[in-house]
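Note sheet for the following structure.
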Amino acid sequence: MTGMSHLRINQVHRFLGVCLFLLVSVHMGCMFYVWRPWKVLLAEQLASDKVRYGLSTYTTLCLIVLTAAWPVRRWAYEAFVVSHSLFLVFIVLVGFHTPYAMRFTAAGIVVYLMNVLTGWCVKTRMVLAQATVFQDQLTRIRMDTPVPHMPGQHIYVCVPSISLIQWHPFTISSADRTSLTVHARAVGGFTKNLCRWPENTLRRVILAGPYGEAVRVGRGSDSSKIIFVAAGSGLTYSMPILMDLLHRRRLQYSSNCPVEIVWCVRHPDEVQWFQEELEMALDAAQGYLDSSEKDKEDVDLISSDSPETKIRLLIHYKSASFGDQEAVVVTTPPPSSMKDHSAASSTAGSTKSTTIQATALNVPFAGDDRVEWVHCRMNVYEYVKREIEETSHDKVLEIVGCGPPAMLADLHNAVAANEGLSRCRVNLHTERFYV
């Protein structure tokens, strides 16, 4: 109805909620300030039904506001959901407090119920899902259901065996049209419970969606380079866009410009979360896929006569350990192919960048020359600035980013500060996640 994304609607909802609470508080304060000097008038007003309904309305609103605080949403999400359903009580009490407003409150309730019923009938379904848990930190849920979806969209997921009232949004991390895959990072009660999902066990899952706008890159012939920047589980946003790009290149519907994936992780073992998908994308980019991979998700999109595409994967990590093993770290300068990138990635005053000797450990992509490991914190601003400066004036640089607010702020600031100076055009697509 609004034409806005769920994220934007949520921001508007919070803003209007704060405004409503402040205005109602001012209204209550002014009334009691006027009545307070006359005790008889105050007692008479408090005994009237109008004021009693008003006090009940304000109490309900205060309860909703208090239980919407971040600690409650973080540690007692069920309490937040249940208390937020009191908005129906709030609307009804407003109608009793001010009878002439009943027509407006009734209209609001009707619109809300129509929205709920429409969503249930059109975009909600129950499916069977199977999960894979990675180090009790992330859960990959695969649902075999032909739900039409596009790269960059998200769905709401409810697992009745965990909670009947919790619906959580997850970005769709697959581009295959015959199934859905989402990756859930364990950061709260619901997502931590997902990590207890038994291996090779099917569970019923209710999903609603998909929602959001489709994101496609590389559609123009003037694209100079496509960059994917992700932090942690933010790679879920990039993977379907990358798979869709490779699929369109197979059909020759997309330009064949180079692609660079920059993934920032805390520990090297987090790469296992998307190792299967990344290996498949790297193989498909070079025009070959092993026959044993034909049963994997998304392979039908990018296999068979895929033109060779130059893809470079850079993995930034903080910890120098992998699992229970201590990584062998070299302190010599990085190879020439990495020098320029390492200079842009290292922050001022930081330690010298180092690289893992991947062949010495059983780390993902060991010995793969298409993957570079960089042991330093990435300077997103300097990296994007350098890429913009190296882009020709008549070309387009496309950037896809997903990560925490600080990383996305650096992305947006770098594009805003340098796009006009270099005279090239930058297409920026971002998605934010909250931890």
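Every residue number used here counts from 1 along the chain in the order it is shown.
Heads up, the Cβ atoms here are built off N, Cα and C, so glycines get one too.
Residues or ranges marked as transmembrane segment in TrEMBL: 12-35 (among others).
Feature annotation from TrEMBL assigns transmembrane segment to 55-72 (among others). Residues 17, 20-21, 24-25, 28, 79-80, 83-84, 86-87, 89-90, 93-94, 97 of the same chain, all 6+ positions outside the transmembrane segment (55-72), place their C-beta atoms under 8 angstroms from a C-beta of that stretch.
Residues annotated as transmembrane segment in TrEMBL: 79-98 (among others).
Sequence annotations record features per position, and here TrEMBL assigns transmembrane segment to 104-122 (among others). Taking Cβ pairs closer than 8 Å, the transmembrane segment (104-122) reaches residues 1, 88, 91-92, 94-95, 208 in its own chain, all 6 or more past its ends.
The domain 'FAD-binding FR-type' annotation in TrEMBL covers 114-217.
Tertiary neighbourhood of the transmembrane segment (226-246): same-chain residues 138, 150-152, 170-175, 182-183, 185, 215-218, 254, 257-266, 270, 273-274, 277, 281, 284-285, 298, 301-302, 306, 309, 380, 383-384, 387, 397-404, 407, 411, 429, 431, 433, selected by CB-CB distance under 8 Å and a gap of 6+ residues from either end. Per TrEMBL, transmembrane segment is recorded for 226-246 (among others).
Summarising the annotation, TrEMBL assigns region 'Disordered' to 332-351.
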Per-state residue totals over the domain 'FAD-binding FR-type' (114-217) - DSSP helix, strand, coil: 16 helix, 42 strand, 46 coil
